[in-house]
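Single-structure report; data block below.
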Amino acid sequence: MAGNQTFTMIKPTAFKKNYAGAILKMITEAGFQVKAMKLTRLTAEQAGTFYAVHKGKPFYQALVEFMSSGPIVAVILEKENAVEAFRNFIGATNPENAAEGTIRKLYGTSLQQNAVHGSDSDENAVIEADFFFSKMERF
Ligand code: RTP
Ligand code: MG
């Protein structure tokens, strides 16, 4: 995977509220192409591994509990400069600070429950995509 792919998750609250369809519509209409996708649920241990970079931070335990609280949609996306383009597209981490019309502004309900994840580097995009998808699940 070169610098043209990123990884996203529709987080548990957004999925539970039936926002997955609307969110995926926004993503694909913005020119991000779906290369892999699945509905799954993380165990607390898996969520802890996925967010290991935040281990020790005050919000880590709550984040792990939240991310393992229900199903998520995991997706690999492709677009030029995907990581940066997608992070700009979804809006700031805290939905309150996210620009009008962004996914996090429209569908996020709190700093923690901010609708979607977006990889923060090409390196992490590869690690995160490999965490969820085998070769035969990618197109
Ligand atoms: P993400 O990894 O989910 O794409 O979000 P991000 O890069 O914009 O933010 P990051 O700093 O990586 O934080 C990961 C997720 O942890 C939750 N969070 N809670 N102070 C808090 O309560 C707090 N800070 C962050 C959010 O769900 C954030 O997306
Ligand atoms: Mg992050």
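Positions of Cβ are set from backbone N, Cα and C atoms, glycine also.
Keep in mind it's a predicted model, so treat the numbers as computed, not measured.
Database features (TrEMBL):
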- H117: active site, pros-phosphohistidine intermediate (ACT_SITE)
- K11, F59, R87, T93, R104, N114: ATP binding site (BINDING)
- 3-137: domain 'Nucleoside diphosphate kinase-like' (DOMAIN)
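Filtering R104, N114, H117 by Cβ distance to ligand 1 (under 6 A) retains the following recorded positions: N114, H117. Whole-number maximum of the Cα to Cα distances across the ATP-binding residues K11, F59, R87, T93, R104, N114: 21 angstrom.
For the domain 'Nucleoside diphosphate kinase-like' (3-137), residue counts in helix, strand and coil come to 64 helix, 24 strand, 47 coil, using DSSP. Within the same chain, residues at least six positions away from N114 (ATP binding site) with a Cβ under 8 Å of its Cβ are K11, T93, N94, P95, A98, R104, G108.
Here the CA atom of the residue listed as 'active site, pros-phosphohistidine intermediate' lies 15 Å from the CA atom of F59 (ATP binding site).
Spacing of R87 (ATP binding site) relative to H117 (active site, pros-phosphohistidine intermediate) is 9 Å (Cα to Cα, whole number).
Long-range C-beta contacts of H117 (active site, pros-phosphohistidine intermediate), restricted to its own chain and to partners at least six residues apart, with a cutoff below 8 Å, comprise F7, T8, M9, K11. For the binding-site residues listed here (K11, F59, R87, R104), the lowest count of other CB atoms within 10 A around the CB belongs to F59.
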